[in-house]
Amino acid sequence: MASNSAPNEFHVFMLIGIMVTFMVATCDGSFFQDFDLTWGDNRAKIFNGGQLLSLSLDKVSGSGFKSKNQYLFGRIDMQLKLVAGNSAGTVTAYYLSSQGPTHDEIDFEFLGNTTGDPYILHTNIFTQGKGNREQQFYLWFDPTRNFHTYSIIWKPQHIIFLVDNTPIRVFKNVESMGVPFPKNQPMRIYSSLWNADDWATRGGLVKTDWSKAPFTAYYRNFKATQFSSSTSNSDSEWQINELDAYGRRRLRWVQKYFMIYNYCNDLKRFPQGVPLECSH
């Protein structure tokens, strides 16, 4: 991982504008209320009175859950503590998605690695069934030692990925250039822990060590804030809020020191030219 000299102290991430105009509904209940365990039998568990959820993977099966509610724009926060030790071959996925062949999707995927080597945080965005917008990052901390917050802000103007309130990626709406943007399909929250040792770690060269199973990831402090335009403001200020100056500096810091792959720079993959949104 690249070294850095930037300060790591916690700062509150701010958005320019009056946020009260679009915070209309906040949900931070229990996992029992908000989620269904969808697969993996007893490998997915909710405990501590609904305040903690775990997913496990063994050689027979992984596990997963999904939200009971759907969301069309909002902020989603979840704290995760990832599989510790030798997690090579495993993937912990946490994402928003609609359904069907033209689905939209906003992805966090955590690609495991051998003990002592860093996780890779893989992000992607699908619009109308088409993805291929990958950006990958190392993290500036060990995501297996403590819980950390992974957030998605989804507005009609942009999507922002955040880690511990630090923005790591912004995907802007450039429909004016002919690039589809997810804005019409409500999405559920999904998460799963599964075996992907055919590609997850060093392109599939490192396989899952089943002697270390079960592999377990933990979740807590889910919060969903749904956004809606103010009924008294037709200009809908909430739709155009951008990162403030500090947020932009933090974004540049992450992308300078911790980004390890950006599809917009992959000329071998796109010999006819990178996708249109990369020029914006």
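Any Cβ shown, glycine's included, is placed from N, Cα and C.
Automated prediction, rather than curation, is the source of TrEMBL annotations.
Owing to the predicted nature of the structure, the values given are computational and were not obtained by experimental measurement.
The domain 'GH16' feature in TrEMBL is assigned to 1-219. Note on the domain 'GH16' (1-219): mean pLDDT across this stretch is 89.
Residues annotated as transmembrane segment in TrEMBL: 12-32.
Taking the Cβ of Glu105 (active site, nucleophile) as centre and 10 Å as the limit, one finds 20 other Cβ atoms among all the protein chains shown. Residues or ranges marked as active site, nucleophile in TrEMBL: Glu105.
Feature annotation from TrEMBL assigns active site, proton donor to Glu109.
The N-linked glycosylation site annotation in TrEMBL covers Asn113. Cβ neighbours of Asn113 (N-linked glycosylation site) (same chain, under 8 Å, six or more residues apart in sequence): Ser87, Ala88, Tyr119, Ile120, Thr201, Val206.
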